[in-house]
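Heads up: the structure comes next, in structure tokens.
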Amino acid sequence: MPSAKPLFCLATLAGAALAAPAPSRVSDFTKRSTCTFTDAATASESKTSCSDIVLKDITVPAGETLNLKDLNDGTTVTFEGTTTWEYEEWDGPLLRISGKDITVTQSSDAVLDGNGAKWWDGEGTNGGKTKPKFFYAHDLDDSKISGLYIKNTPVQAISVESDNLVIEDVTIDNSDGDSEGGHNTDGFDISESTYITITGATVKNQDDCVAINSGENIYFSGGTCSGGHGLSIGSVGGRDDNTVKNVTFIDSTVSDSENGVRIKTVYDATGTVEDITYSNIQLSGISDYGIVIEQDYENGDPTGTPSNGVTISDVTLEDITGSVDSDAVEIYILCGDGSCSDWTMSGIDITGGETSSDCENVPSGASCDQ
């Protein structure tokens with residue numbers, strides 16, 4: 001006879017040995033219980049009966065989400081062992097967690113393995129196989145994600161649409177994709193969010209380490225980014241929310257990447273990029289641009305013709321240092337007519353590459369020539 005799906009509710013078992021309490025007390029007691037799940041279906045079905053959820057060595061069936069949406073306030077989710085996802089072409093996400101005052105963490109040796117190589121074909125989201133996004137941290141408010149080790153996501157790793165979310169000491173390791181066809185493996189994609197703090201992240205990938213498409217009061221500190229497209233804002237424009245405001249990138253490194261620091265806006269769109277700081281960013285092995293700010297993106301690619309519908313103002317670039325490849329451009333600024341204002345640059349020391357002669361409408365306080 002097949003065994004029942006395991007669900008161990010420790011506090012509930014302890015309570016069974018006692019006299020039955022009043023119904024309201026049973027409900028409160030159950031919600032304080034610790035539950036260990038070893039399969040995705042039971043975890044998704046029984047998630048609200050537990051305030052401490054342990055996910056141990058789960059293999060998620062093909063085409064399904066490990067769904068921890070709408071958790072009880074104050075729930076803690078802990079991953080143990082290896083969590084894996086079986087292969088199927090679909091959009092995902094592979095993992096979804098939402099709720100208020102939630103803590104998401106793992107044991108010291110745990111791995112969330114997206115098995116990305118099964119989907120990787122060098123196309124990313126531009127064609128080929130349909131690839132699922134990995135983790136939706138949507139409506140995960142007043143919460144914390146701490147210490148996760150995420151490996152080999154099919155495409156984008158963590159999509160953030162939340163308020164008051166802290167992400168600390170998370171590793172996203174898609175380095176296998178360098179040789180196995182990983183593409184569009186963004187580390188953190190942030191949209192329609194406020195008060196997001198990311199500290200101590202390590203991202204090895206083939207796209208943006210961080211991409212902020214919309215949101216306010218976002219802080220990224222102590223990050224280590226390699227292999228991808230750098231620390232990015234945008235593309236801004238053409239979405240429901242086209243405002244990026246009060247963003248700080250500080251005390252971080254970007255290595256072996258296409259870009260170091262990047263802001264990009266959509267041609268002929270409208271929006272606002274305001275109060276942006278990049279401070280103490282160390283660069284090495286940058287292949288395309290050390291600093292690139294351009295207002296000419298159309299259908300996902302730069303055109304060389306800027307527009308001024310998205311304003312970029314109150315930008316501080318300070319203490320950005322390091323080296324780029326010999327055929328890379330150290331600084332490239334392409335603004336629309338009058339759309340970039342109130343910029344300051346100081347302590348910029350980027351070496352090894354070329355000085356651009358194609359910059360346009362560079363605002364006072366900034367320069368393409370150090």
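Glycine too: its Cβ is placed from the backbone N, Cα and C atoms.
What you are looking at is a predicted structure, and each value in this text was computed from that prediction instead of being measured.
Listed in Swiss-Prot for this protein:
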type	residues	note
ACT_SITE	Asp207	active site, proton donor
DISULFID	Cys35-Cys50	disulfide bond
DISULFID	Cys209-Cys225	disulfide bond
DISULFID	Cys335-Cys340	disulfide bond
DISULFID	Cys359-Cys368	disulfide bond
CARBOHYD	Asn246	N-linked glycosylation site
REPEAT	162-192	repeat 'PbH1 1'
REPEAT	193-214	repeat 'PbH1 2'
REPEAT	215-235	repeat 'PbH1 3'
REPEAT	244-265	repeat 'PbH1 4'
REPEAT	273-295	repeat 'PbH1 5'
REPEAT	307-352	repeat 'PbH1 6'
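Location within the structure of each feature annotated in Swiss-Prot.
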| residue | record | DSSP (3 states) |
| --- | --- | --- |
| Cys35 | disulfide bond | strand |
| Cys50 | disulfide bond | coil |
| Asp207 | active site, proton donor | coil |
| Cys225 | disulfide bond | strand |
| Asn246 | N-linked glycosylation site | strand |
| Cys335 | disulfide bond | coil |
| Cys340 | disulfide bond | strand |
| Cys359 | disulfide bond | coil |
| Cys368 | disulfide bond | coil |
Inter-residue C-alpha distance, Asp207 (active site, proton donor) and Asn246 (N-linked glycosylation site) (nearest angstrom): 23
Recorded positions near Cys50 (disulfide bond) (Cα-Cα within 10 Å), from Cys225, Asn246, Cys340, Cys359, Cys368: none
Any contact between the repeat 'PbH1 4' (244-265) and the repeat 'PbH1 6' (307-352)? By contact I mean 3+ C-beta pairs closer than 8 Å, pairs at least 6 apart along the chain. yes
Residues of the same chain, at least six outside the repeat 'PbH1 2' (193-214), with any C-beta under 8 angstroms of its C-beta? 124, 156-157, 160-175, 177-178, 182-187, 220-236, 239, 241-244, 247, 249, 254, 257, 262
Residue counts in helix (H, G, I), strand (E, B) and coil for the repeat 'PbH1 1' (162-192), per DSSP? 4 helix, 12 strand, 15 coil
Output, ordered by sequence, the same-chain residues six or more apart from Cys368 (disulfide bond) with a CB under 8 Å from its CB, or 'none'. Ile331, Tyr332, Ile333, Thr355, Ser356, Cys359, Val362
Between Cys50, Cys335, Cys340, Cys359, which of the disulfide-bonded residues has its C-beta surrounded by the fewest other C-beta atoms within 10 Å? Cys359
For the repeat 'PbH1 5' (273-295), what's the model's average pLDDT? 99
With pairs closer than 6 in sequence left out, are the repeat 'PbH1 6' (307-352) and the repeat 'PbH1 5' (273-295) joined by 3 or more CB pairs under 8 Å? yes
For the residue listed as 'N-linked glycosylation site', the same-chain residues 6+ apart in sequence with C-beta under 8 angstroms from its C-beta are Glu216, Asn217, Ile218, Glu274, Asp275
